[in-house]
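Engineer: Provided herewith is a single structure, encoded as structure tokens, for subsequent inquiry.
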Amino acid sequence: MEYESEAENISRTLMYHVDRPVYNEGCIETELLHRKQKKTQTIKQKLSQSLRCSSKKLQSAVYSFLPILTWLPSYPVKKYLLGDIISGLSTGVMQLPQGLAYAMLAAVPPVYGLYSSFYPVLLYTFFGTSRHVSIGTFAVISLMIGGIVVREVPDSMFDITTVNGTNNTDNQLARDAMRVKVAVAVTFLTGIIQFCLGLLRFGFVAIYLTEPLVRGFTTAAAVHVVVSQLKYLFGIETKRYSGPLSVIYSFIAVVSKITTTNTAAITVALICILFLVGVKEINKRFKKKLPVPIPGEIIVVIISTGVSYGMKLHENYRVDVVGEIPVGLLPPVVPDFSIFAAVITDSFAIAIVSFSMAASMSKIFALKHGYTVNGNQELIALGLCNFSGSFFQTFAVTCSMSRSLVQESTGGKTQIAGLLASIVVLLVIVAFGFVFETLPQTVLAAIIMVNLIGMFKQFRDIPLLWRTSRIELAIWFVAFVASVLLGLDYGLLVAVAFAIISVIYRTQSPKYTILGQIPKTDLYCDTEEYEEVMELSGIKIFQANSPLYFANSELYVNALKKKTGVDPVALLAVKKKGQKKQEKAKNQTKTTNKKINSVVKLTNGQEMGVKHELMDGETHTDLVRNGQFVTANGDGEADCEQSLSFLDRLTGVHSIILDFTPVTFIDSVGAKALKSIMKEYDEIGVTVIVGACSRVVMEDLSKLDFFDGSITRDLVFPSVHDAVLYCQYKGSVDPLE
């Protein structure tokens with residue numbers, strides 16, 4: 001409020017006065033501006049300069065590739081270490097259950113979720129530029145991987161049950177091994193794609209995943225996740241589906257077997273859900289009073305594991321549990337290259353989505369804490385995390401929103417917190433993994449569902465976007481519906497395509513306005529929006545809020561004719577017809593003394609009346625409507641001599657100014673359309689000039705050979721007001737005060 005009042009006071013007291021000639025671009029480029037002489041370099045010189053190595057250049061490259069070297073040597077131990085320790089322990093404790101749970105989404109054994117919570121987190125500490133994000137497993141990416149894994153290795157490939165209903169361990173192990181190979185192959189390709197995009201400086205690709213698109217997509221992913229976890233929640237056996245309509249098939253499968261619900265499993269799940277929701281609410285309400293958030297997830301895991309072990313839930317109540325968790329780290333294994341061809345497209349989608357999520361969270365924290373993140377280096381860091389991790393059988397990772405918020409809110413200052421979190425996971429892998437073998441899978445399903453509450457809150461975007469931007473609402477809705485029905489992979493492609501189409505639609509459907517002057521100022525606004533704005537006599541100022549290029553050039557021309565009420569094609573048609581009638585009348589002058597007075601009346605819009613009054617009292621009225629010549633009396637011909645007063649001037653408008661303030665670029669089609677406009681209006685005595693044209697657009701016009709003998713830079717002005725003053729002078733109108 002103080003800033004607003006200060007700005008208001010300044011706007012009332014500060015004044016500026018400018019006394020200068022009216023400039024056009026021709027004058028500016030010859031008198032005011034002189035281009036700097038740029039030293040041109042050959043390709044050989046450019047390559048030599050870019051490839052030249054120096055100590056400073058080498059140091060910069062090393063620091064860029066290993067961002068940890070920029071802050072670790074000056075790490076303030078007393079100031080940051082305690083916060084990083086608390087944050088690292090809190091985040092590590094949170095990673096354990098989430099790693100186990102998200103492995104279920106990826107359709108691989110739970111221990112691989114722990115591997116994915118260790119290796120990538122460790123690597124990101126050295127290569128990442130964000131100080132607060134928590135890298136590791138995430139529901140959306142895990143679900144996308146799970147869909148690919150189930151598609152490539154469906155349950156039908158292996159008979160995992162015998163005649164008496166007991167598990168066929170050998171077939172189940174074979175199925176799990178195949179699924180791990182697919183997940184690892186996807187992770188390997190994802191890492192390669194991200195690393196290459198980072199080296200090629202393609203960090204900007206995330207901008208094509210707009211916030212409404214990402215939020216609609218992640219909301220749809222939350223729906224997929226919930227449906228996929230229902231069978232674990234209810235303790236029932238169903239087939240896992242993938243591809244289009246998989247969420248519907250999965251839901252129908254669960255509903256069809258709802259009568260076989262395991263009472264013990266659903267009871268445990270509901271108790272865990274209620275406890276976790278309560279803990280999250282307490283953490284939210286007492287955030288400022290609690291030194292660290294209550295680790296509800298690890299509490300649930302520990303207690304439920306103990307209860308499951310003591311009550312033998314698996315043996316006595318047939319509650320599915322995590323099962324064997326191997327102790328220790330696996331040796332590195334080369335991914336199966338034979339799988340690559342089948343999953344390359346899916347890997348590209350995962351690479352872009354995972355980077356987009358990590359980049360958005362990184363930017364939020366960087367803005368809050370006053371440092372910068374490098375999008376290209378983030379791509380390289382994620383690529384290395386996934387590529388290197390794939391050799392140790394991890395699945396693709398990204399930034400976890402919930403863990404990142406915990407890492408930041410508990411006092412984390414640097415990625416030392418992430419390093420400590422990975423050490424916590426490592427201790428479990430090498431020493432305590434067996435403890436969680438009796439953990440019920442229904443508990444992991446409960447943890448996943450509670451963590452998705454935040455994503456379902458994104459439905460609140462709908463009323464907000466309805467009020468602010470219907471186009472962004474359409475993007476959100478298309479991303480959600482397409483991802484729910486078609487699956488996350490195809491849904492993402494549809495959503496991106498729709499977002500790009502929406503951009504094209506905006507450029508093809510801009511707001512076209514006629515501007516008028518705010519009295520006694522050099523400011524111009526929409527005449528239809530403000531009462532004080534006045535149109536200038538004989539001058540039309542036309543503005544289109546878009547660039548001028550091949551997709552909208554024809555629409556631009558049509559809107560110009562409609563808004564100004566001056567259609568040169570229609571007027572020229574009247575003029576040519578009048579000239580023909582005049583020639584015919586001259587030939588008939590010898591035999592008749594009839595005389596016609598012809599007057600053109602330009603009405604508001606695309607209609608003109610040409611009225612011919614004959615001396616004998618007979619009247620004919622010709623109309624030009626939307627560029628088509630229509631004769632009111634039906635015969636379309638004048639039978640007498642006429643003199644045409646409209647030959648010199650066909651309209652009261654003598655100048656049209658095209659406000660190029662919103663025009664960011666122009667292509668060859670747009671330049672041709674602009675040149676055609678100027679020439680057509682010139683034929684009817686109307687001067688068309690351009691105002692407020694940026695230097696970039698001027699360079700585009702120069703490269704497109706827009707300026708020739710008939711159209712010069714003198715018809716382009718640096719501001720709308722310069723153009724208005726020129727038109728007033730040219731039209732013999734009193735200049736502005």
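Cβ coordinates come from backbone N, Cα and C, glycine included.
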Engineer: Which residue range, 222-239, 294-311, 672-689, is the one TrEMBL calls transmembrane segment?
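Structural biologist: Per TrEMBL, the stretch marked transmembrane segment is 294-311.
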Engineer: Rank 133-150, 294-311, 379-396, 416-436, 474-505 by Cβ pairs under 8 Å to the transmembrane segment (182-207) and hand me the top one.
Structural biologist: 379-396
Engineer: Using a Cβ distance cut-off of under 8 Å, indicate which of 264-282, 337-358, 379-396, 416-436, 474-505 has the most pairs with the transmembrane segment (294-311).
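Structural biologist: When the Cβ pairs under 8 Å are tallied, 264-282 comes out ahead.
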Engineer: Can you work out which residues elsewhere in the same chain, 6+ from the ends of the transmembrane segment (443-459), have a Cβ less than 8 Å from its Cβ atoms?
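Structural biologist: Cβ under 8 Å, 6 or more out: 97-98, 100-102, 104-105, 110, 139, 215-216, 218-219, 221-222, 225-226, 229-230, 232-233, 268-270, 272-273, 276-277, 280, 297, 300-301, 304, 322, 401-402.
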Engineer: Taking the transmembrane segment (416-436) as reference, which of 133-150, 264-282, 337-358, 474-505 has the most Cβ pairs under 8 angstroms?
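Structural biologist: Per the Cβ under 8 Å count, 133-150.
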Engineer: Do we see three or more Cβ pairs under 8 Å linking the transmembrane segment (379-396) and the transmembrane segment (264-282), pairs being at least 6 apart in sequence?
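Structural biologist: When sequence-distant Cβ pairs are counted, the transmembrane segment (264-282) does not touch the transmembrane segment (379-396), since fewer than 3 lie under 8 Å.
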Engineer: For the domain 'STAS' (529-727), what's the mean pLDDT in this predicted model?
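Structural biologist: Mean pLDDT, the domain 'STAS' (529-727): 75.
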Engineer: Other than its close neighbours in sequence, what residues sit by the transmembrane segment (133-150), given a CB gap under 8 Å and a spacing of at least six beyond its ends?
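Structural biologist: For the transmembrane segment (133-150), the list is 91, 95, 98-99, 102-103, 105-108, 113, 116-117, 120-121, 124, 179, 182-183, 186-187, 217-218, 221-222, 224-225, 228, 240-243, 246, 343, 346, 349-350, 353-354, 357-358, 361-362, 365, 382, 385, 395-401, 403-404, 406-407, 418, 421, 448, 451-452, 487-489.
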Engineer: What residues in the same chain, six or more past the boundaries of the transmembrane segment (264-282), come closer than 8 Å to it by Cβ-Cβ distance?
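Structural biologist: Distant Cβ neighbours of the transmembrane segment (264-282) are 232-235, 294, 296-297, 299-300, 304, 307, 313, 317-320, 440, 442-443, 445-447, 449-450, 453.
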Engineer: If we skip the immediate neighbours and take only residues 6+ beyond the ends of the transmembrane segment (474-505), which ones have a Cβ under 8 Å from one of its Cβ atoms?
Structural biologist: 140, 143-144, 147-148, 208-210, 212-217, 219-221, 223-224, 242-248, 345-346, 349, 353, 461-462, 465, 551
